[in-house]
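Peer 1: Got a structure for you, questions after.
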Amino acid sequence: MKTSKIIIASLVSLTLVSNPILTFAATNDVIDSTTEITTDKEISSTQPTIKTTLKAGQTQSFNDWFPDDNFASEVAAAFEMQATDTISEEQLATLTSLDCHNSSIADMTGIEKLTGLTKLICTYNNITTLDLSQNTNLTYLACDSNKLTNLDVTPLTKLTYLNCDTNKLTKIDVSQNPLLTYLNCARNTLTEIDVSHNTQLTELDCHLNKKITKLDVTPQTQLTTLDCSFNKITALDVSQNKLLNRLNCDTNNITKLDLNQNIQLTFLNCSSNKLTEIDVTPLTQLTYFDCSVNPLTELDVSTLSKLTTLHCIQTDLLEIDLTHNTQLIYFQAEGCRKIKELDVTHNTQLYLLDCQAAGITELDLSQNPKLVYLYLNNTELTKLDVSHNTKLKSLSCVNAHIQDFSSVGKIPVLNNNLDAEGQTITMPKETLTNNSLTIAVSPDLLDQFGNPMNIEPGDGGVYDQATNTITWENLSTDNPAVTYTFTSENGAIVGTVTTPFEAPQPIKGEDVTVHYLDDKGEKLAADEVLSGNLDDPYTSSAKDIPDYTLTTTPDNATGTFTTTSQSVTYVYTKNIVAAEPVTVNYVDDTGKTLAPSETLNGNVGDTYNATAKQIDGYTLSTTPNNATGTFNTSSQTVTYVYTKNIVAAEPVTVNYVDDTGKTLAPSETLNGNVGDTYNATAKQIDGYTLSAEPTNATGQFTSSAQTVNYIYTKNPAPEKGVVEIHYVDENNKQLSSATKISGTVGDNYTTEPKNIDGYTLTTTPDNATGTFNTSSQTVTYVYTKNIVAAEPVTVNYVDANGKTLAPSETLNGTIGDTYNATAKQIDGYTLSAEPTNATGQFTNSAQTVNYIYTKNTNIDQPLPDKKTTKPSNLKTTEVKKASDTLPKTGDSTPWKSALLGVFLSSTALVIWKKKK
């Protein structure tokens, strides 16, 4: 019986060794009925079986497959093996997920062997290149925080997640990744990002590239998160992103942002742009909003009832209404100098309030019991009451104007967290008394404990603690202010009080009037009035008066202002000088002399008086302004103008007729006075020509009626000419429809060429301009087709999986030219189908022609290598996956060994039965 068992065991072993396929099937049976291996003993017991599952092909250690030791270790760990263990290429292809982040990897060579990968995480390494052309099953790729300068993901058509953040990429092509839902290419040096083919994106992050000037996300209708901050984008259209929940576009050059369609937004940061207005009233779900560092003057947040955070730092807002934002927790308006008032009494949930450098002068914090952080530096606040803010942990109000800090002491935690240096207080202006000034120290200067603060006078003042006053002596208005400082005991509060002062107002003296008269008491020049304070000196001065000499300088030419008005009189004598004559003329309104001129003579400064004359038939119409005046050193003319007495004349009738006497235009009637001149004028009458100018077209009105007749002759009908304009190429092919122009024979014509797309004018005809004549004329403009280099056509030779089988070809040409791509003969492959665009025309867009081949099927395959391999530490589940692969069609099977095994087994069974 024992011998029989040994024989049967030997036969079975021989059969299994002779037929590995049977061994593989047996292994599957074991795995299917076994749970996950948990003990060293179990692993050891399965190693011989795993060892037999290694497929035929190259087998070497992980260190051999992967030159980078750190990478080799990470891949080995994924198989729960050591880097020195051996593994086949087929087994490497079974790995589906690899996380080798933060492993100091510099070289990813060998990644191409992991063709089964669907997920790869290689973040936080020192990788400079990453070739994933063979990893076409990847759906998840995270390669951020490396040193990549180039990343080609075009073969990864199944990719749904891509994170290449924090590298050195200057470009990224995701046009072949239509399934992407997540894309993070932030912190690179991209100048553009085209996501027009990625319509499934829900998250896009391209911030901190600093060079992107435009971004089109209109195709991304599923987008929920967008971060394009820290770039140079000037315009952003999010009207099609109606599912957008988070938008961060800060630190760009955006001038306009329309958010009317983005009503699901909860987070919005558009700070540091160039927005002059923004409408957020439709965004009722918004909880976070930052519009800081924009030239905004208005902002309506009344509909944002869910808002918890609002930042409007360094804007030009004139006001901000927070009464509807009752959930507000964080509010910052730092640098908003134009905001003078702020009501936070409705914001009972406030945790942080920052109004530094705002223009507010008062602030009611009585309704903010949850306030923890309060920043009021560089404000115009003069009062502060935090007695209701018992949870305050930090208060800073440096460089304000606050005197009383007693409310702070009611919150013990603030005693060591109060910063109130640099307070400046300006008191009302005081008046000096004998160059001295005494002022009372402000009783409102109280520290956080309600105690008076320590006082230190400046500018040489003396402090009297008993009277709480400070006195300054010998003050000068050259420095018209005095100061003193105040300090709390713990030094948290420091400030300066400034009191401006002025000298007593002086008493005004009565005015001094200075007169300038001749020796007859006549005024020669305007008086001067001198003003000043009582007892101040005054000085008067004489004037230079033409033709007069000063003869008397008054004794009181200088003196002092008194309580009585004073007069100072300078007396002059006229100089005797013969003047030029004054000529008096008498003329009509045409300048014609009507009577002899008169000549008046005298001395410079003397008065002259001209008189009019009575002239028969004329009436004086103009009395000259200088009829009375003063003789001087220049000759003068006085002209009296007369008008002839008017006698109405009979009218002159002007007719416009043809040679038969037919009226062609309404008559004109000319009226005037007897002796006046009339001038009749001809009219332009369509279709007629004036025959002759009448002899009496010009004449004088008389006491008799007169008639002037303009006679016209009818014009003959004009003869017309035609010019036809053609637009052709150098082969006389018509490029545009011909046009015609017509006109009167003898008139000039001008033609113009047309702008024809794709063509340039080469010949302007000599007769482009000319004269219409009785014959039809032809003008022909000749054009030459433009030669424009087209974008290339790339011809690829690939298998059904997109794998390159032969080098691509590049076809070049001119736009409009025809291209012809050709297939290649590739050993072991057959062309599946001729691409539809194998022949076409070059255009201004790059084109791709793909020849797709099918691998030929080999009938005869070599027998598998029977060499044994080292035991594997693969998990049972992974061994099962590898063993599920059946022989491919055409693989040879060791049937002879199988039949021999069956025969021997049968023979042994018969012998055993006989012995039994």
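Residue 1 is the first one shown; counting continues down the chain.
Including glycine, each Cβ sits where the backbone N, Cα and C put it.
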Peer 1: Can you identify, from 506-510, 761-765, 886-890, the stretch that Swiss-Prot calls motif 'LPXTG sorting signal'?
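Peer 2: That would be 886-890, the stretch labelled motif 'LPXTG sorting signal' in Swiss-Prot.
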Peer 1: Give the residue counts of the repeat 'LRR 7' (222-243) per reduced DSSP state, in the order helix, strand, coil.
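Peer 2: Per-class counts: 0 helix, 3 strand, 19 coil.
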Peer 1: When the repeat 'LRR 3' (137-157) is classified with DSSP, how many of its residues are helical, how many are strand and how many are coil?
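Peer 2: Across the repeat 'LRR 3' (137-157), DSSP assigns the residues as follows: 0 helix, 3 strand, 18 coil.
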Peer 1: Along the repeat 'LRR 6' (201-221), what average pLDDT does this model show?
Peer 2: 97
Peer 1: Quick one: DSSP breakdown of the domain 'MucBP 4' (717-779) into helix, strand and coil?
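Peer 2: Computed counts for the domain 'MucBP 4' (717-779) are 3 helix, 35 strand, 25 coil.
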